Amino acid sequence: MAETLNPRAGIGMTSARTRGRMVERLREQGIKDEMVLAAMGMVPRHLYVDQALESRAYEDTALPIGFGQTISNPYIVARMAELARHGENGKGQTLGRVLEIGLGCGYQAAVLGKLAREVVSIERIAALVGKTRARLRELRVNNVKPKHGDGMNGARDFAPFDAIVLAAAFAEVPQALLAQLADGGRLVMPLGNATQTLCLIERQGEAFVEQRLEGVKFVPLLPGVA
């Protein structure tokens, strides 16, 4: 498997058994989609965090990844992936092309890559794009395309998308992203500033149906590039 490429992969506490315990915890927390649970079990989270934080990789907590950014906790990654595939109560959808806003360390993109044919991921911080691109290449994650750019603009050249997942919060839904959703597609994002709510928007022709779900806490979505 891909993790054998990295000398950090053989450490006992970062083994497949540890990921299995994480998956069982996700199941207990209410994640039902077996494909999402399988994806979470396959992606080695400890290889997406700094070595100093490796011992905490499978805790259900967000961790810093540098540049003022964080890797989301496993539950929220699984929850957003499940919403991207199902909506709140729907049947699981096979995903073709997915847009992620906020590449970060690449972990969520790698999970989405297990569920979709292709993932395009936008990151505003150039140094983070370079670091994560190298990591994904090392781990042979070949269907994730990291792009440096302003996430507010999405990725028009690759649209339409079956799902759009935002890994950062914004006060309102970026209209440019809604325009890039395929008919029947879903946008999942943390909505708000100080108080944030996980928001699901489904496109039905020219209409958009919005649901506001549980409270969450994400770093803010910033415009421009760095």
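Cβ coordinates come from backbone N, Cα and C, glycine included.
The active site annotation in Swiss-Prot covers S72, and the record cites sequence analysis as its basis. Under the three-state DSSP scheme, S72 (active site) falls in the coil class. Take the CB of S72 (active site) and look out to 10 A: across all protein chains shown you find 25 other CB atoms.
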